[in-house]
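S.K.: Here you go, one structure.
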Ligand SMILES: NC(=O)c1ccc[n+]([C@@H]2O[C@H](COP(=O)([O-])OP(=O)(O)OC[C@H]3O[C@@H](n4cnc5c(N)ncnc54)[C@H](OP(=O)(O)O)[C@@H]3O)[C@@H](O)[C@H]2O)c1
């Protein structure tokens, strides 16, 4: 039994992740996985990776064998089939089945290999469409989902339930995080499939280069959204791996939102676009507000570090330097 003295001197959560742990980051080439790999390496851990060409995580037998052979101290599951509205509505089968398969392979394989620590990544988009704002973790499964990404959300909710089930049935110290909209280096700038922030950066950059006097954006510009730099997410995940061991998922956001118009103005400034910003109110707006309540994370002492303007500027410079513009 832990003595009172030990409880006093041992920081909460100490021992959940050893120093210089061997951590398998699944999806290490993605926006989230690459940030986690950078951060965990910088923290002195040994990050283990396997590209999809060597290990398709939908393959349960091969994933189990890999985990049995490598026996990591921890697994971070940042591999998923991810996409925007168009991809979700075109390939609902893949969004449901690929994600279920990846989760089943990785979690069952990690359990069979005796992996003591696992972090599963959910998403703010799996909360009910009309959840009260700001969205607390308790809102999960309290109402209908956003229809456009329902298959994806159902798969992710199953992942959260799976983590909880391993905790309850096997006492596993496995946890889930629920990130808000993320952006960062290596983001997807393809206008067909990208999220709103890289899409805006590209639109304004191209307008600036073309000397356009107007950029026309969909909707009214009034919906409010929250954005977190992926390095801040990695920082929060590193903290959760060290310190958090509870049933409920943990929201990871910056705690502040802004309107799409304000976001567009910010991106316009960063990209030195000098023209007008117009909105087409005949096009759909989506949910009026999406902001996570980050009280649970804040009680662990966490605060975001990257201000939105600086974050957007660094992502813009990174994209220009990559020559993909
Ligand atoms: N981006 C966001 O704004 C955001 C917000 C909230 C939550 N999240 C969550 O964070 C996680 C990662 O998202 P992300 O934005 O980093 O996605 P991403 O950039 O598309 O990266 C996903 C990664 O998963 C890998 N992957 C997909 N299917 C695989 C398979 N069958 N076998 C092996 N690897 C596979 C991909 O490999 P390849 O490189 O080979 O394609 C890629 O490296 C997801 O669970 C997502 O729900 C993201």
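These residue numbers are counts, starting from 1, taken along the chain as shown.
From the backbone N, Cα and C atoms, a Cβ is placed for every residue, glycine too.
Those TrEMBL annotations? Automatic predictions, nothing curated.
In case it's useful when we look at the structure, here is the feature table from TrEMBL:
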type	residues	note
ACT_SITE	152	active site, proton donor/acceptor
BINDING	27-33, 121-124, 156, 179-182, 195	NADP(+) binding site
BINDING	203, 218, 225, 285	substrate binding site
DOMAIN	23-253	domain 'NAD-dependent epimerase/dehydratase'
SITE	123	site 'Important for catalytic activity'
SITE	125	site 'Important for catalytic activity'
S.K.: Taking the Cβ of residue 123 (NADP(+) binding site) as the reference point, list residues of the same chain whose Cβ is under 8 angstroms away and which are at least six residues distant in sequence.
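M.R.: Those within reach of residue 123 (NADP(+) binding site), by Cβ under 8 Å and sequence separation of 6 or more, are 153, 156, 178, 179.
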S.K.: Which recorded positions from the set 30, 125, 152, 225 come near ligand 1, judged by a Cβ under 6 Å from any of its atoms?
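M.R.: Cβ < 6 Å from ligand 1, in sequence order: 30.
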S.K.: What is the average pLDDT across the domain 'NAD-dependent epimerase/dehydratase' (23-253)?
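M.R.: Summarising the domain 'NAD-dependent epimerase/dehydratase' (23-253) by its mean pLDDT gives 96.
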S.K.: Just to confirm: which same-chain residues, 6+ apart in sequence, have a Cβ under 8 Å from the Cβ of residue 30 (NADP(+) binding site)?
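M.R.: The answer is 78, 79, 80, 82.
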S.K.: Quick check: in three-state DSSP terms, what is residue 285 (substrate binding site)?
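M.R.: Looking at the DSSP assignment, residue 285 (substrate binding site) belongs to neither helix nor strand, so coil.
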S.K.: Could you tally the C-beta atoms, other than its own, that fall within 10 angstroms of the C-beta of residue 33 (NADP(+) binding site)?
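M.R.: If we count other Cβ atoms within 10 Å of residue 33 (NADP(+) binding site), we arrive at 24.
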S.K.: Given residue 218 (substrate binding site) and residue 125 (site 'Important for catalytic activity'), what distance in Å do their CA atoms have, once rounded to a whole number?
M.R.: 20
S.K.: Whole-number answer please: how many Å between the C-alpha atoms of residue 182 (NADP(+) binding site) and residue 225 (substrate binding site)?
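M.R.: Each residue's Cα considered, residue 182 (NADP(+) binding site) and residue 225 (substrate binding site) end up 11 Å apart.
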S.K.: What subset of the recorded positions 27, 33, 125, 152 lies within 10 angstroms of residue 203 (substrate binding site) at the C-alpha level?
M.R.: none
S.K.: Looking at the recorded positions listed here (27, 33, 125, 152), whose Cα lies nearest to that of residue 285 (substrate binding site)?
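M.R.: It is 125, whose Cα lies nearest.
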S.K.: Among the binding-site residues 27, 33, 225, which ones place their C-alpha within 10 angstroms of the C-alpha of residue 125 (site 'Important for catalytic activity')?
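M.R.: Hits: none.
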S.K.: For the recorded positions 152, 218, which Cβ has the most other Cβ atoms within 10 Å, all shown protein chains included?
M.R.: 152
S.K.: Are there residues of the same chain, six or more positions away from residue 27 (NADP(+) binding site), whose CB falls under 8 angstroms from its CB, and which are they?
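M.R.: For residue 27 (NADP(+) binding site), the qualifying residues are 33, 77, 78, 79, 80.
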